[in-house]
2 protein chains.
Amino acid sequence: MTPKIIRTIVELRQAIAEFRKLSEDNRSVGFVPTMGYLHEGHASLLRQSASDNGLTVLSIFVNPLQFGPNEDLDKYPRDEERDIKVAATAGTNIIFIPALSEMYPNQALTHISVSEITERLCGASRPGHFDGVAIVVTKLFNIVQPDRAYFGLKDAQQLAVISQMTQDLNIPVEIVPCPILREEDGLALSSRNVYLDEDQRSQALILSQSLSASTDWIQAGISASELIAKLKAEISKAPLAKIDYVDVLTYPNLSQLNKDRPLNENNNDLLIAVAVYFGKTRLIDNRLLNPVEVGEGLCFAK
Amino acid sequence: MTPKIIRTIVELRQAIAEFRKLSEDNRSVGFVPTMGYLHEGHASLLRQSASDNGLTVLSIFVNPLQFGPNEDLDKYPRDEERDIKVAATAGTNIIFIPALSEMYPNQALTHISVSEITERLCGASRPGHFDGVAIVVTKLFNIVQPDRAYFGLKDAQQLAVISQMTQDLNIPVEIVPCPILREEDGLALSSRNVYLDEDQRSQALILSQSLSASTDWIQAGISASELIAKLKAEISKAPLAKIDYVDVLTYPNLSQLNKDRPLNENNNDLLIAVAVYFGKTRLIDNRLLNPVEVGEGLCFAK
């Protein structure tokens with residue numbers, strides 16, 4: 001199946017309206033918003049959408065509003081041709097690739113922010129990032145008007161922010177969280193992995209490895225502050241690693257825990273999240289845990 | 001026709017989905033969001049919607065987020081029974097009357113703000129007011145998902161803010177501005193008029209009278225600063241009037257004009273807006289002008 005490439009909002013709305021009008025059985029629309037440079041993680045979202053819905057819409061838009069002034073907007077990797085091939089094999093029907101001027105035609109005066117859950121982790125490291133995410137996701141939701149939208153748990157905080165916003169604003173879209181996809185050796189898939197040189201790539205495994213080890217440490221009765229210290233020590237064994245943050249918080253509220261209490265006595269679902277630079281490349285990874293069961297659970301997908 | 005009274009979001013969405021599915025000809029939905037205590041101005045919006053659409057939804061919700069701490073939230077007039085009668089005679093199909101807990105079930109963490117055009121007039125006098133308006137209108141739009149929404153030009157700044165937000169966020173709703181309705185003697189209709197005693201009510205006529213006189217003054221070549229001074233002097237002739245603001249700005253951008261240049265040389269549509277207290281009651285009124293033609297034009301409805 002060759003996906004239809006659409007670059008304007010008017011044409012996209014027409015195509016979706018036509019589908020909803022003409023489709024005989026499954027009229028639901030699934031949506032996967034991305035910044036392109038698709039990897040197997042994106043493909044898994046598309047496949048999930050194609051399995052759930054009659055029509056799957058992928059958007060590719062590198063949203064400048066979610067990049068800080070010193071971030072990698074200009075060099076963010078792009079490969080439209082390859083993206084189209086990946087999307088086609090994953091069951092995508094429509095690929096929406098708007099120009100910057102299509103998404104932001106005039107000076108926008110409207111701002112959206114989500115408080116509290118954006119204050120830590122990537123929200124603290126990247127001021128304004130989640131405001132930019134909130135605006136573009138709201139716009140894309142209003143343009144596509146999907147029944148369901150698919151987001152990877154790799155960006156666990158982003159998922160929490162979007163879920164909160166969707167609920168607060170009564171946006172009629174079901175948010176579907178999907179598991180993190182990893183390379184065979186454990187590295188979480190990311191468009192930014194392409195920046196890594198060989199040494200960085202091999203040392204970056206410390207992220208998934210130390211997150212995996214966390215479950216045993218928690219089972220042994222470690223506290224939040226002990227876990228954070230142990231993760232930091234473990235990650236610092238990789239000489240090229242420069243830690244941005246290591247934290248453990250409740251999920252999806254992202255509130256702080258009693259730092260001294262054993263984590264396996266806690267009743268909340270937990271997010272262990274790390275952000276680490278290898279050279280100029282900032283990688284994130286995380287693990288969602290139900291500490292009472294001490295097993296990995298996609299707790300948010302319940 | 002007796003409108004259907006609905007108090008929950010789930011039931012409202014069901015009723016609208018059913019209408020869209022079953023209606024044979026005009027499937028469009030018109031929406032009139034209000035805080036209740038309906039007057040002829042609201043009725044005119046409902047009649048316009050009923051004439052344009054197959055289904056007309058009225059919402060009645062006194063939104064606490066748009067009231068400041070020292071404003072009239074607690075004493076805001078309410079009369080559900082009378083509202084239902086007014087709505088019925090104006091062609092309303094559904095009246096949505098949500099409880100506070102239905103609209104704000106949890107602590108909301110999502111905030112919307114519109115910059116620049118909220119900085120003057122009521123936005124300056126009522127800090128946070130338009131943030132509250134933006135949130136509730138966004139929520140109601142997402143709940144009702146109307147094709148068209150109707151707003152009175154009485155709240156000209158509100159209309160400008162909502163139009164800007166709708167455009168910025170790609171909300172798929174057509175915003176339809178409707179003219180100010182007035183009593184025979186000129187007083188602009190407002191739910192708050194009920195607060196006025198006899199003296200205040202009669203002195204409040206100075207607002208519409210001085211706004212009407214403005215067109216002649218502008219034709220004579222007056223500047224913005226002269227117009228503002230003249231309006232303030234005129235309004236101050238009413239001993240009970242306490243001016244909150246008097247201003248003339250471009251519309252719908254609400255940007256400042258060159259204060260010394262004759263207004264009839266200006267090419268923008270203009271908004272002359274006043275807010276005046278009579279006792280504790282704050283009344284607003286305005287006039288939209290195309291100064292080149294020096295006639296009242298509903299310029300925003302073009």
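In case you wondered, yes, glycine gets a Cβ from its N, Cα and C as well.
Sequence annotations record features per position, and here TrEMBL assigns active site, proton donor to B:His42. As annotated by TrEMBL, ATP binding site applies to B:35-42, B:152-155, B:Leu181, B:189-192. Look at TrEMBL and you will find B:Gln66 tagged as beta-alanine binding site. The (R)-pantoate binding site annotation in TrEMBL covers B:Gln66, B:Gln158.
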B:Gln66 (beta-alanine binding site): which of the recorded positions B:Leu38, B:His42, B:Leu181, B:Ser191 is the nearest Cα neighbour?
B:Ser191
Within the same chain, the residues at least 6 apart in sequence whose Cβ is under 8 angstroms from that of B:Met35 (ATP binding site) are B:Ile60, B:Phe61, B:Val62, B:Asn63, B:Tyr76, B:Ser191
Provide, as an integer number of angstrom, the distance between the C-alpha atoms of B:Leu38 (ATP binding site) and B:Gln158 ((R)-pantoate binding site).
18
The number of other Cβ atoms within 10 Å of the Cβ of B:Ser191 (ATP binding site), counted over all protein chains shown, is 19
How many whole Å apart are the CA atoms of B:Gly41 (ATP binding site) and B:Gln158 ((R)-pantoate binding site)?
15
Return the count of C-beta atoms lying within 10 angstroms of the C-beta of B:Leu153 (ATP binding site), excluding that atom itself.
23
Roughly how many Å separate the Cα of B:Leu153 (ATP binding site) from that of B:His42 (active site, proton donor), to the nearest whole number?
11
Just to confirm: which same-chain residues, 6+ apart in sequence, have a Cβ under 8 Å from the Cβ of B:Leu181 (ATP binding site)?
B:His39, B:Glu40, B:Gly41, B:Ser44, B:Gly152, B:Lys154, B:Ala188, B:Leu189
DSSP says B:Gln66 (beta-alanine binding site), in three-state terms, is helix
Take the C-alpha atoms of the residue listed as 'active site, proton donor' and B:Gln158 ((R)-pantoate binding site) and report the distance between them in angstrom, rounded.
15
When DSSP is mapped onto helix/strand/coil, what comes out for B:Gln158 ((R)-pantoate binding site)?
helix
For B:Leu38 (ATP binding site), which DSSP three-state class applies?
coil
Helix, strand or coil by DSSP: which one applies to B:Leu181 (ATP binding site)?
coil
